[in-house]
Each structure stands twice: as C-alpha cells, then as structure tokens.
Amino acid sequence: MNGISGSQTGSSSTFDVAAVWKFPMMTTCAFAVPTCVFWTLLVFSSYGDCFNKQPFTPLLQEKPFLIIWNVPTERCESKFNVRLPLFMFDLVSTPRHNHTTQSVMMFYENHLGTYPFYTKQGEPVHGGLPHNASLWMHIRRVQRDLKALAPTRTSTQLAVIDWEEWRPQWIRNWDQKDIYRRQSVKLVRQKHPSWEEARINRQAQWEFETAAQHFMEETLRLGKNFYKQALWGFYLYPDCYNYDYKKHQNSYTGYCPDVERKRNEELDWLWRSSTALFPSIYMERELQNSENGRKFVQNRVQEALRVADLARVGHALPVFVYTQPVYAYTFIYKSEKDLMHSIGESAALGAAGIILWGDVKFSQSQQNCEGLQSFLEDKLGKYLVNVSEAASQCSQLLCNAHGRCVRNEADSHAYLHLPASRFSVYRHAEGFGVDGYLRSSDIWRLRSDFHCNCYVGWRGQGCERSRASSVVFILPANVLLVAFAFVLLLTQV
C-alpha cells in the first residue's frame, strides 16, 4: 500500500500454495537463560507454542482481526443524504440508546442502573459515592434497563460499560476525581467523629473500594446473564497511564509505569468478571506522525494483552482496542502514518480487533458527513481493508486459520500489511477489492516476523494439531517435567 512504511507482508487468493511450505516455520520466545531448560521440556507437549495463553476463536469465522464501527452517523444519510461506505467493517453499530439492533452496545453512566457520581458542579447523583448509594436499587434498575433492551439480545456481540467518573482504586482518583476521596473521608468522619485521621482515611478507602467493586461486579454479572452470547467489559480497562509524552517529549519511552502495572494486577477481580477487555489508544495531536505515538499505542496494547493473559487460567481474554478516526479532542483526521501507528500496531501485536469510536459531531452537518465519507472512501477505507486482509491471509498461511499472527518482537516495525509493490486496494461499485500476488520472499518475511497464537483447541507451531490429537504427547512430557522438578529439588537439599 502506497505511503506505508515498515515490514509489509500478506497474501491474496493468487498466491502459490506450494510456496507456503518451502520454508521452515519460525517462532521466537524470549526467556531468561536459567528458565530455558524448563521451557525446552515443554516443547514436547506444545510443539512450538510460544506459551502465551490461547485466545478463543474470533467472533466471526476467519476474521482474526475485527474492524468495528461505533459512531452515531445514521443522520448523515437520513438528514443530509450522504451515504457512508461502511461495508469494510465487520460489525457496524450506531450508538443510540433507543436503537435495538446494535452489534456493539455502549452503556454510559445514565443508561444502566443507578450509577453514583458527582457532576462537574459537585452535585451528587444517586448518592455520589458507591458506598453512599443503594446497590439493591442499582441491581433492580439494571434488570429493568436490560429488559427494555430485550430485542438486542440476539444481535449484540460486544457490550461495553463506560463509567469514567470514578475509578475503583482509591489511589487512582486524583485531580478532578479527588472529590470521591474527599467526600468518602467526610462521610466516615461524620459517622465516627472521635476517630483519629489515619483511621478515618483507612476506613474511607476500604468502604469506597469495596462498594465500587460490588457495583462493577454486579453490573457485569447481570449483563452476562442477560446477554449470554455477548462479550462484556469496561471501557478504558486496563489503562497504562503512559501520558508523560508532553513532559518528556525527547526521552519518552511509552512504558507503563511499574506501579500502574502492579495496580492493574490488583484489579484481578475485575478481569475475572469481564469476558473482554476494551483499552483505549486515543492519540492526541502532540503524537501526530511521531515515534512517540507508536510507543504510546504499543505499550498500551501490550499492557492490555498482558492483563488478558492474567485474567483466566485456561485462556486469554479477547482485547478490542478503542481508537478514533481523528486525533483526540480535535476534528482532524489521522494521517496514514498514524493509522499504521494505531490500527496497524494493534493488529500486529495480536489484538482481537479495533473499535472506531466517534461522537455526534461526525453527523452534525453535511460538511462533516461529506468529509467523513471522503476519508472512508480513500485513506481510512483502503488501510482497513489492507490490514484486515493481511491479518486473515497470515492466519491462513501460518496458522491454518486456527490462530492469530503475532509479532515475534513486540517492539519491532513488522506490520500485517499487503506488499505495496504487488498489491492494490481499489474501489468498485460494491465496496473495495484487493488484487495482487505473493512471492516466496513475502512468505519468508511473514515467517520471520510473526508467530501463531493458536485458538483454544489447537496447538503446534502452525496450529495444525487439535488438542485432542496431542493428548498422547502431553502426558509423557508432563511426567518428564515432574521428574525434572523433583531432581532439581533434590539437588537443592
């Protein structure tokens, strides 16, 4: 694709299938030297898996990387007669609360239950604090709200709760959110005026965090029971808090602070209750066309994938990354380079998909609608088709369509792109078409840059073996591991 830099790989229906198997499959797993012996033994049971937990099969068959539209743009056609080309998206949802045929449901603070919070003017709503609100009343209202949305039960595939007024961890309620700490302390002081300040603070923190956890857990539980087929989670969780690019522009690494990674681990109760993760990679204008922008996105997606691995014993949660067609807090469309730094990074790192989100400003005027139409028909549409097709082809070539292609080195510049010199993405009457062919060198580059993260039920370097067919090999390897561990234990005595 013209204008796209970095390693570009992919395929089309015209490639030589025989060429796929000319080269040995390559994967790399980075481990510390002392643990290499232990993991080498595991190769007998996994046949080349990279030991990261397996994801479930995608929501849509043969779509390892979903492209999802979640912008309220229906007014463009109904009011301004501007028809948007949304056919390149795997799921399309216009987030109107009264719309009952949504594939993606967004629940804001006033859409589900009696979410307690303070307004910008400092006025409490539903008690203001989670421990000053009725959880029973919230549960009853959630049940009523979900019942009103009964027609969406069969169409909704992703259900996202957007509660941003407070965070469930006391220490993360800083700046404008400090009102939740101040009011919590005030509430405890009123109940226990004779207590010393340190005890009041401890009690306030315990009451806030306990009630916040109950509100979030119960809401997820009720939602999962109602939308049994949908994946549930909270928007912006997990966060990485790597926002220091403004202060340290020349030395910015993008890394998530260790303390924030630890705090994410302490939210294990939230990850256990969720069935998907929905982090955000909204890029501000300061990150435009910069390496800092790539670092910002890369580390946020990596942290979400790390948490996804921690959430379950047997599998990883799917990660759907929220992004925008524009730079945050502006109406300036992203450059092709930043589409690569956001959408391309998410695909190459192994996310299950991206969700393009926007607010009502996209459909507020005919000019806005026509600008969005132009962006979709050209730069954005072509890039989305490119990445989606490349991800699907890589899954088929390397993983037998039973896994997702993931970078060998997370911080590399390898992308799931169709080779620009041999592929073209073009418009036609019914949407976009892809034309081109692969050379053996393209397939070799795929194998050197990516490995397979096999879906649950599949294993092997190319996800070629079902779990059932590998049982006979797993048992001896596990026995060998136990024996090896026992020998190590004896040598320490």
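Note that the numbers count up from 1, one per residue, in the order the chain is shown.
The backbone N, Cα and C atoms fix where each Cβ goes, glycine too.
TrEMBL names the disulfide partner of C452 among C399, C405 as C399. The record in TrEMBL lists a disulphide bond between C463 and one of C405, C454, namely C454. Candidates considered were C369, C405. The record in TrEMBL pairs C394 in a disulfide bond with C405. Look at the disulfide-bonded residues C76, C240, C256, C394 and count other Cβ atoms within 10 Å of each Cβ; C256 has the fewest. The number of other Cβ atoms within 10 Å of the Cβ belonging to E164 (active site, proton donor), over all protein chains shown, comes to 12. When the CA atoms are compared, the recorded positions lying within 10 A of C463 (disulfide bond) are C399, C452, out of the candidates E164, C256, C369, C394, C399, C452. A Cα-Cα distance of 34 Å separates E164 (active site, proton donor) from N386 (N-linked glycosylation site). In sequence order, C405, C452, C454, G462, C463 are the residues near C399 (disulfide bond), counting only same-chain partners six or more apart with C-beta under 8 A. Here C369 (disulfide bond) comes close to T73, R75, C76, F80, V82, L84, F362, S363: these same-chain residues lie at least six apart in sequence, with C-beta atoms under 8 angstroms from its C-beta.
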